[in-house]
Amino acid sequence: ALGPFYPSRXXXXXXXXXXXXXXXXXXXXXXXXXXXXQSLFRTVLDSGISEVRSDRDQFLILLDVKHFSPEDLTVKVLDDFVEIHGKHNERQDDHGYISREFHRRYRLPSNVDQSALSCSLSADGMLTFCGXXVQSGMDASHSERAIPVSREEKPSSAPSS
């Protein structure tokens with residue numbers, strides 16, 4: 001009487017082992033996908049999150065450049081655009097050696113007074129570019145010019161996203 005049941009019990013045990021192996025493979029794939037998503041998220045954060053604010057009084061760009069010093073950054077205005085470039089040579093970090101470079105370009109609103117632009121870098125690596133908006137009827141000047149980056153000793157007061 002045990003003969004007919006023995007093979008079916010072995011097949012059920014083999015199927016249960018195969019199902020457990022498939023579940024373990026799916027869990028390993030989900031863990032690998034979560035690690036890849038965290039790595040991608042870290043890369044996005046390190047790429048320089050920016051925020052642009054504009055109202056009737058001022059135009060403001062906030063850019064996370066924590067991996068760069070003021071000497072690594074150039075900010076210039078060309079016609080109606082602000083161009084921000086950051087580059088540092090290869091240096092050692094926790095994982096080996098890395099060099100970074102980025103280019104950002106933003107259109108200035110037509111009412112921004114380009115003769116009164118400022119740019120500063122906070123102690124926590126937040127670059128703040130600011131331009132006052134001119135009142136209607138006044139003419140905003142438009143030409144190419146470099147905007148120096150000054151260093152602030154205090155952290156940025158901008159809310160982090």
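Just so you know, glycine gets a Cβ as well, placed from its N, Cα and C.
Copied over from Swiss-Prot:
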| type | residues | note |
| --- | --- | --- |
| BINDING | His142 | Zn(2+) 3 binding site |
| COMPBIAS | 141-155 | compositional bias 'Basic and acidic residues' |
| DOMAIN | 40-150 | domain 'sHSP' |
| MOD_RES | Gln38 | deamidated glutamine |
| MOD_RES | Asn89 | deamidated asparagine |
| MOD_RES | Ser110 | phosphoserine |
| MOD_RES | Asn111 | deamidated asparagine |
| MOD_RES | Gln135 | deamidated glutamine |
| REGION | 1-51 | region 'Required for complex formation with BFSP1 and BFSP2' |
| REGION | 140-161 | region 'Disordered' |
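Feature annotations (Swiss-Prot) mapped to structure.
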{"residue": "Asn89", "record": "deamidated asparagine", "DSSP (3 states)": "strand"}
{"residue": "Ser110", "record": "phosphoserine", "DSSP (3 states)": "coil"}
{"residue": "Gln135", "record": "deamidated glutamine", "DSSP (3 states)": "coil"}
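Gln135 (deamidated glutamine) has Asn111 as its nearest neighbour among the modified residues Asn89, Ser110, Asn111, going by CA to CA distance.
The number of other Cβ atoms within 10 Å of the Cβ belonging to the residue listed as 'phosphoserine', over all protein chains shown, comes to 10. For the pair formed by Asn89 (deamidated asparagine) and the residue listed as 'phosphoserine', distance between Cα atoms is given as 36 Å, rounded to the nearest Å. Asn89 (deamidated asparagine) has a Cβ environment of 9 other Cβ atoms inside 10 Å. Residue counts for the domain 'sHSP' (40-150) under DSSP, split into helix (H, G, I), strand (E, B) and coil, are 10 helix, 64 strand, 37 coil.
As a whole-number mean, the pLDDT of the domain 'sHSP' (40-150) in this prediction is 85. Of the listed modified residues Asn111, Gln135, the Cβ environment within 10 Å is emptiest of other Cβ atoms at Gln135.
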